[in-house]
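Engineer: According to TrEMBL, the domain 'Thiamine pyrophosphate enzyme N-terminal TPP-binding' annotation covers A:22-136. Among the features that TrEMBL reports, domain 'Thiamine pyrophosphate enzyme central' is placed at A:211-345. The domain 'Thiamine pyrophosphate enzyme TPP-binding' feature in TrEMBL is assigned to A:402-551.
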Amino acid sequence: MKSIDSAETDDATPSSETAFLNGAEILIRTLKDINVDTIFGYPGGAVLPVYDELFDVHDLNHVLIRHEQAGSHAADGYARATGKPGVVLVTSGPGGTNTVTGIATAAMDSIPMVVFTGQVPTNMIGNDAFQEADIVGITRPITKQNYLVKDVNNLERVIREAFHVATSGRPGPVLVDLPKDMIQNKCQYSGQKEVSIPSYKPTREGHSTQISKAAHLLSNAKKPLIYAGGGVVLGEAWKELTDMAERLNIPVTTTLMGLGGFPEGKPQSLGMLGMHGTYYANMATTECDVLLAVGARFDDRVTGRLDGFSPNSKKIHIDIDPSNIGKNVPVDVPIVGDVKKVLPAIDRQAQKPAIDDWWDTINTWKKEHPLIIPESSDTIKPQLMVQRISEVTNGEAIVVTDVGQHQMWAAQHYTFNHPQSFLSSGGLGTMGYGFPAAMGAALGCPDRPVVCITGDGGFQMTIYELATAVEYEIPIKIAIMNNNCLGMVRQWQELFYNKRYSHSILKKGNPDFVKLAESYGAAGFRASNPKEMDSVLEQAMEINDRPVVMDFVVEEFENCYPMVPSGAALNEMVEGEE
Amino acid sequence: MKISKNGTAKSTNDKHTLSVLVSYNLNALLRIIGIFSGKGFEIDSISFGSGKESNLARITITTHGDEQIIEQITKQLHKIIDVVKVNDLTYDSFVERELALIKVNATRSSRSEIMQIAQVFRAKVIDISPQKLAIEVTGNRDKVNAFIGMLDPFGIDEIARTGSVALKREFEGTV
């Protein structure tokens with residue numbers, strides 16, 4: 001083990017000037033070689049050698065976030081919007097622990113991300129050194145894989161492995177812990193691009209017998225339904241899904257994570273299913289006779305009470321992760337594989353089923369139980385707010401949300417026609433995710449409008465990132481659905497806890513969001529009625545050199561419907577107040 | 001009762017012996033244990049030691065649960081990047097051994113009786129003192145349990161058990 005001192009005096013006679021590099025140089029060179037263009041980071045003692053190296057690097061954007069949690073969310077947003085892995089660079093100890101929420105968020109939603117953390121030098125590990133934390137131990141349950149680099153000769157291979165693991169199979173976050181001496185010591189840079197992990201070979205092609213069975217079931221179905229999850233978006237299989245559903249004319253419902261994986265403008269779309277899904281999607285799920293689950297994981301927010309979930313259907317489940325299959329719901333035809341490869345294989349063999357009666361039933365449900373936007377001329381109904389944003393952006397924006405009522409309303413009322421356009425913490429339900437993730441998305445997709453639909457609660461969890469958004473002139477539109485309370489908590493307290501609003505009202509402490517935005521140098525607007533809202537939206541869309549904060553003061557005690565109460569079956573929805 | 005692929009009846013909450021081949025590193029072992037603690041599965045015993053190749057280790061885990069739980073355990077273990085192979089030996093013919101060191105109270109009058117019991121179990125006396133005997137026994141879990149049961153009345157002082165190690169049998173014909 002080399003000490004720091006010996007590493008510093010080590011640069012006497014490198015054999016080849018270009019290839020004999022210190023760990024920091026190897027890190028940056030490898031990142032560039034893997035085509036990383038953006039890093040979200042925050043400096044500190046243990047990673048100073050990397051930051052010193054970055055000082056002279058101009059073809060790799062380093063975005064200085066203001067808190068490492070936001071950095072991991074921003075990298076996550078970047079990954080979801082671009083399909084490329086998000087990259088985070090932070091220091092040891094608190095730098096690493098602050099990224100934990102973002103890593104867990106990415107893990108739950110299978111988002112490719114590589115987090116580099118500084119670490120105290122190898123000879124000080126275990127000594128309770130300043131800013132030491134066992135980040136590999138802390139993040140083990142929330143990473144797909146993680147590494148502590150103990151020899152600089154392994155550094156380049158580990159970095160390449162980390163990206164390979166993060167982006168292949170079922171994607172997920174990977175953490176690489178870099179003791180300070182590992183980024184100071186020198187070794188040969190190989191440029192060896194190939195990665196081989198003998199124990200890691202994800203299955204991509206589906207089993208042909210299973211594919212034939214699936215095609216047969218779909219061809220002969222009377223009431224088929226496709227239930228598409230985040231795997232369609234992550235697996236970039238939206239075209240394959242759309243082609244198949246249109247050719248076979250089979251209805252499609254998507255999960256929260258699958259939104260945009262099938263265009264909602266198409267007649268086959270039933271919108272989202274689940275706890276706050278549409279009436280017709282939930283009824284179709286309950287009544288169907290063949291359910292094709294594509295890259296979905298039968299989450300409890302989707303299924304409702306398990307014994308009432310799609311009780312009469314034969315279930316086909318395509319997933320790249322075998323552990324998702326049969327985990328919550330028994331499956332008749334399991335297909336382990338990449339949805340992008342399996343869907344066309346099924347499509348080639350399936351015949352268009354005769355399902356006119358099924359469509360009549362579905363269309364009747366659609367007509368009789370549409371999503372409702374309540375009328376109001378003097379107050380802003382939250383549903384209307386989302387609908388107006390959808391109209392103003394022509395359904396072309398990347399929509400990023402926090403968690404709660406506004407998230408569900410955004411999912412219901414924004415018309416998603418493109419994949420990688422609805423970014424939301426689905427699995428972990430992380431408040432504070434929205435705004436930094438929106439920054440990451442905007443930096444990854446500078447040509448697309450990015451709207452962060454957030455709440456007054458969630459926005460305040462990472463509000464300090466206004467500094468970053470102003471510094472990098474990120475023109476995201478932040479639409480606060482301001483009901484002065486934690487809306488979803490309050491809704492549950494109203495419905496299930498006798499209206500005892502325990503610690504869910506934020507009114508007294510809420511800041512003046514307009515002044516706050518202005519103090520950072522962002523634009524700030526407020527609207528309290530539909531007319532003002534339209535004019536604010538119009539002005540906001542014109543601003544392209546800084547973030548815009550729109551404080552939409554909405555109806556305070558509005559509830560989000562339809563709702564499948566906890567413990568109820570999908571067809572036992574509450575559609576609204578009696 | 002469910003019928004396994006080779007026709008023997010298995011109850012739904014049976015003991016399972018899993019043989020897991022992994023890259024030899026601490027992170028792999030900790031990830032395996034983490035699957036059990038994080039997802040609420042049970043470990044009855046676990047043993048970890050180097051395998052045939054120096055960079056691989058074989059981990060033997062005994063656990064219990066219904067078919068669905070065991071299937072999840074197997075799949076979750078497979079998901080770990082460093083895991084090369086997971087074999088549920090339960091439905092195959094396999095050899096399983098556990099080693100236990102048992103320190104038992106032995107007075108002059110009881111010593112020979114204990115040594116006779118040890119002989120029946122093909123156990124070895126490995127340490128002796130005026131008040132105590134230390135005995136090494138090897139066998140499957142049931143045999144080790146039975147031996148401990150036999151020694152219990154004499155007063156067991158300390159036990160160290162390795163947990164099961166197991167390998168699939170090559171010859172699978174009827175005996």
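In case you wondered, yes, glycine gets a Cβ from its N, Cα and C as well.
Bear in mind that TrEMBL entries carry predicted annotations, made automatically and left uncurated.
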Engineer: Helix, strand, coil: count each for the residues of the domain 'Thiamine pyrophosphate enzyme central' (A:211-345), based on DSSP.
Structural biologist: 51 helix, 28 strand, 56 coil
Engineer: In the domain 'Thiamine pyrophosphate enzyme N-terminal TPP-binding' (A:22-136), how many residues does DSSP assign to helix, to strand and to coil?
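Structural biologist: Helix (H, G, I), strand (E, B), coil: 55 helix, 21 strand, 39 coil.
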Engineer: How does the domain 'Thiamine pyrophosphate enzyme TPP-binding' (A:402-551) divide up by DSSP, counting helix, then strand, then coil residues?
Structural biologist: 66 helix, 25 strand, 59 coil
